[in-house]
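As structure tokens, the structure follows; a few thoughts come after it.
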Ligand code: 6GU
């Protein structure tokens, strides 16, 4: 996969050299280009923003530098690989609190792309025509991390890159960790423990030390379901009842949670 990021703060992306993302780059599984939007300005002040039409607070990012930046990246200018046919398997992702909410499912979709371009907006956002024009050439997705507001898209892009890159084949040593983790099946992961068996008066749950793999699996499933029901009623409500068995339903209703479509449980 190749990821290009356009931003007025390239320094934000230092962490992409670190840890497992850095390793994925070093091993050739991932190519990253971080580009300063101001390279595509032509005035002495390297202006990227202006006041909003229609009035209102703040500033809006002008379309011209963005248009040139996207032209260059899509065409494979500045030493970037050529995109090929219209769009060339490139998808534009624009972080914004007004976007659709980023989820693990979206991370999987984006991880399947050959190329991603992230356009980091600041201020009140990017002139909408940049996205409308880009959408005539490639898929464009406006994405939000959640219901709160950041100064700009940079941190959101770091978050999304981490979620996406760890899904690329070969990046995680143990692919099993992907199958077990929170959100893999629409439920949260159960709590985890390691040595010592007792710490500050808190013992590890006895069952995890029993060696009975069937009971351990059932216990983990119970913990995962109870956690999900308590912390994330939205995830519980969205669960496909077909993924629940009779024991799951008994556990949840015993704990006072109604399960939609419980009669369909296996
Ligand atoms: Cl993606 N961008 C900004 N600026 N704020 C956000 C966000 C993104 N997601 C949540 N808040």
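The count begins at 1 with the first shown residue.
Positions of Cβ are set from backbone N, Cα and C atoms, glycine also.
No curator has checked TrEMBL annotations; they are predicted automatically.
Look at TrEMBL and you will find 121, 145, 146, 147, 148, 149, 150 tagged as S-adenosyl-L-methionine binding site. For residue 150 (S-adenosyl-L-methionine binding site), the same-chain residues lying six or more positions away in sequence with a CB closer than 8 A to its CB are 97, 156.
Here TrEMBL flags 1-236 as domain 'tRNA methyltransferase TRMD/TRM10-type'.
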Those binding-site residues listed as 121, 146, and which of them has the most Cβ atoms within 10 Å of its own Cβ: 121
Maximum Cα-Cα separation in Å among residues 121, 145, 146, 147, 148, 149, 150, which the record lists as binding S-adenosyl-L-methionine: 17
Binding-site residues: 145, 149 - member with fewest neighbouring CB atoms within 10 Å: 149
C-beta crowding around residue 147 (S-adenosyl-L-methionine binding site), within 10 angstroms: 7
Candidates near ligand 1 among the binding-site residues 147, 148, 149, judged by a Cβ under 6 angstroms: 148, 149
DSSP state at residue 147 (S-adenosyl-L-methionine binding site), helix/strand/coil: coil
